Amino acid sequence: MARTKQTARKSTGGKAPRKQLATKAARKSAPATGGVKKPHRYRPGTVALREIRRYQKSTELLIRKLPFQRLVREIAQDFKTDLRFQSSAVMALQEASEAYLVGLFEDTNLCAIHAKRVTIMPKDIQLARRIRGERA
């Protein structure tokens, strides 16, 4: 076989074998059955899908009532001081707010899917609102 000329190559710097730590060596020598059992973990996305199905089945309000009521009162302060609210009025506002947010997230998800993504981003919300005509 004919000899070929060797060209110089840059070394990639192979790693030298390191000494094992005492804990690693002890772990390897210990029997596998005597170890602590790992807690069960679902695959990524499984719990998310379960939560989606659960919340789509349910009809209860998802935002806590008192924090929402405080937010409504805080926003109302900017328009008129000493406003009073019937409890049914706050409930109606909360129903409408949650319905709006659910619809917005549905449209946002469609925008993310259109961009060949599964993760929603702020730009998806902005696009959904722009298409709806809520913000120019």
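Each Cβ is built from the backbone N, Cα and C atoms, and glycine gets one as well.
What Swiss-Prot says about this protein:
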LIPID     K19  N6-decanoyllysine
LIPID     C111  S-palmitoyl cysteine
MOD_RES   R3  citrulline
MOD_RES   R9  symmetric dimethylarginine
MOD_RES   R9  citrulline
MOD_RES   K10  N6-(2-hydroxyisobutyryl)lysine
MOD_RES   S11  ADP-ribosylserine
MOD_RES   K15  N6-succinyllysine
MOD_RES   K19  N6-(beta-hydroxybutyryl)lysine
MOD_RES   K24  N6-lactoyllysine
MOD_RES   K65  N6-methyllysine
MOD_RES   K80  N6-(2-hydroxyisobutyryl)lysine
MOD_RES   K80  N6-methyllysine
MOD_RES   K123  N6-glutaryllysine
REGION    1-43  region 'Disordered'
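The structure, with features from Swiss-Prot marked on it.
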residue	record	Cβ contacts under 8 Å, 6 or more apart
R3	citrulline	none
K65	N6-methyllysine	V90, Q94
K80	N6-(2-hydroxyisobutyryl)lysine	none
C111	S-palmitoyl cysteine	I120, D124, I125, L127, A128
K123	N6-glutaryllysine	none
